């Protein structure tokens, strides 16, 4: 799997369907190891938003992925990122939880 997610061979922050990134998909589905691998790259933006303004943290909170939420919050805190970003409907990740 590390070859597939090698940040030197692909853009790990590229968006696909509905503007979602690999990080958003991993967060939504609870793929904690994939998420950690992606977060290890400085090319991945944990605050990237999809077409409806949701971040990976929104998706993790919405889907009840507690371990993913914890991992993302640790990164947000370490990088001093704003975890209270609202989506296009005005909901924050806390609202989604």
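These residue numbers are counts, starting from 1, taken along the chain as shown.
Each Cβ is built from the backbone N, Cα and C atoms, and glycine gets one as well.
Curation does not apply to TrEMBL; its annotations are automatic.
For 18-51, 52-73, the entry in TrEMBL reads repeat 'ANK'.
Counting residue by residue with DSSP, the repeat 'ANK' (52-73) contains 15 helix, 0 strand, 7 coil.
DSSP assignment over the repeat 'ANK' (18-51) gives 18 helix, 1 strand, 15 coil.
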